[in-house]
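J.: Take a look at this one; I'll ask things after.
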Amino acid sequence: MLRSHAAGLLREGDAGQQVTLAGWVARRRDHGGVIFIDLRDASGIAQVVFRDPQDTEVLAQAHRLRAEFCVSVAGVVEIRPEGNANPEIATGEIEVNATSLTVLGECAPLPFQLDEPAGEELRLKYRYLDLRRDDPAAAIRLRSRVNAAARAVLARHDFVEIETPTITRSTPEGARDFLVPARLHPGSFYALPQSPQLFKQLLMVAGMERYYQIARCYRDEDFRADRQPEFTQLDMEMSFVDAEDIIAISEEVLTELWALIGYRIPTPIPRIGYAEAMRRFGTDKPDLRFGLELVECTDFFSDTTFRVFQAPYVGAVVMPGGASQPRRTLDGWQDWAKQRGHRGLAYVLVAEDGTLGGPVAKNLTEAERTGLADHVGAKPGDCIFFSAGPVKSSRALLGAARVEIANRLGLIDPDAWAFVWVVDPPLFEPADEATAAGEVAVGSGAWTAVHHAFTAPKPEWEDRIESDTGSVLADAYDIVCNGHEIGGGSVRIHRRDIQERVFAVMGLDKAEVEEKFGFLLEAFMFGAPPHGGIAFGWDRTTALLAGMDSIREVIAFPKTGGGVDPLTDAPAPITAQQRKESGIDAQPKRVQRHDQIFAVTTSHPSVNK
């Protein structure tokens, strides 16, 4: 070993010991010929002092040190002189009196100072330097502890950790695939998996019964501020279980994770139905750290003459004290709504004497003005925001306004934790709504799956999949923490007939189903057990535990919001030779052979023989 001790673990009890340390120069200070450096390694920082005037060679070497030089230092641990202790660091009572110094690696001029703020693009370009800083390094190390804690829980429950393929065939799962050309099969492509969904179900058919994996997943989605094209899930699947069993195991995992940061999650975690969550909070990911619930006003305005409120849905959310906002702030709310694709955000101001003001109030009848404040629970000095239009989009706007109001008023305790299970979502949603929300609607039908096509309906709804499609409830559950969905799962379909019916509702024809999912349907014919599971978004979960706003902070080498890696400059063009070798431009032709569909290409020499 190049060192005998970890720098950050030295204490007063080590005084008198000869030690060899190795790490980086965090700081260098020169005080009248005596040189001090803060030596940093993975364990922390220790002060090293070069003070022997007789050892001119070591002093000369120390004079040449600069920030982030990688060095090895030998010396004796000593108690710091009286008055020189540093209570800010764990090693603040001691220092190492250096007797030798070896420079293991010099450091070029730094692109940014590690003890000063830097822009994200620069940080990601030099991520290996960024990770030398305390907070980024701590976040990555916490992630390792999170992995270990989850594995320990699942090992106690006899789960088997199994790796599933990361190059497979392209199957529609709700997002676009990343495609990989298959060089030995010109014109054909592998796909990087969006999830291990199909393989973990096959593992249940195989009799594994309890599977998990910390799985890498890939989705070619449109650029979003806090999404990554590659991400990680804690993926779990169990046979012979119902939703209650999966929720119980999940709560045990979550309890163990939050114990890492000293918080005990009260269990059982409360539950709320999907429909209730949408009605009260405008979202299926409600933040329950504060109130400000939405108020349904559709019936209240059922006879209104105000055309804006003559809509399928009218709802409101109250901003306490919001009537004092200046006009420019209220105008800013309109811009805020327009940025979210809406025409604006109607409002009524409740004056201190209870009278109503603002542009909407003058369009209301006397009866509406008289009863409005009581109906929505507004008090003098409050502002009432409204949204009117289609139910889903109007509620979504009010749900976003609710969170924005809470942020502006400081109503959210950043140290609080609020967990909730959102259960009983619909199995299907209109395909046009999914597309409008930026999702990929699988199939060509009027309906697509809310979660994915393999989610089972609640047993009592099985007979109404075709006749009452929009009302069918899924046997599914999402876990939400502080307004973030950190996991989601369901009981799966394990019968071929039900799976085929779901595919049909989604507009997948039999030929497409057989081509893309035939292997799964065939497996269901060989004694498939009832099964279900859940997947936790591991990046988001770890970010919450680390107190980070962005998942990029808990990923060792993340991409930007635009999907670019500033460090390696990926993605990058390929060479003409790579393009030729990959067969990416080959034109496949479908032929039927031995009841199987194969991809061949007329441009490949072996085909033309």
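Cβ from N, Cα, C; glycine included.
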J.: Which candidate from E276, E485, E500, E581 does Swiss-Prot annotate alongside R219, D220, E221, Q228, G537, W538, D539, R540 at the ATP binding site?
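T.: Record check against Swiss-Prot: ATP site with R219, D220, E221, Q228, G537, W538, D539, R540, extra candidate from E276, E485, E500, E581 is E485.
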J.: To which of the residue ranges 145-148, 197-200, 333-336, 425-428 does Swiss-Prot assign the term region 'Aspartate'?
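T.: Checking Swiss-Prot against the ranges 145-148, 197-200, 333-336, 425-428, the region 'Aspartate' one is 197-200.
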J.: Among E173, E221, E485, all listed as binding-site residues, which has the most CB atoms within 10 Å of its CB?
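T.: Output for this query is E173.
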J.: To see if you understand the setup: which same-chain residues, six or more apart in sequence, place their Cβ under 8 Å from that of R219 (L-aspartate binding site)?
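T.: The list for R219 (L-aspartate binding site) reads A175, R176, D177, F178, Q194, P229, F231, given in order along the sequence.
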J.: Provide the three-state secondary structure of W538 (ATP binding site) computed with DSSP.
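T.: It is helical.
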J.: Non-local Cβ contacts of H451 (L-aspartate binding site) (under 8 Å, 6 or more apart, same chain)?
T.: P425, A474, A476, G488, S490
J.: Does DSSP give G83 (site 'Important for tRNA non-discrimination') helix, strand or coil?
T.: coil
J.: Round to the nearest Å and give the CA-to-CA distance linking W538 (ATP binding site) with H31 (site 'Important for tRNA non-discrimination').
T.: 48
J.: State the mean pLDDT for the region 'Aspartate' (197-200).
T.: 96
J.: In sequence order, which residues at least six apart in the same chain have a CB under 8 Å from the CB of R492 (L-aspartate binding site)?
T.: Q201, M204, F454, T455, A456, H531, G532, G533
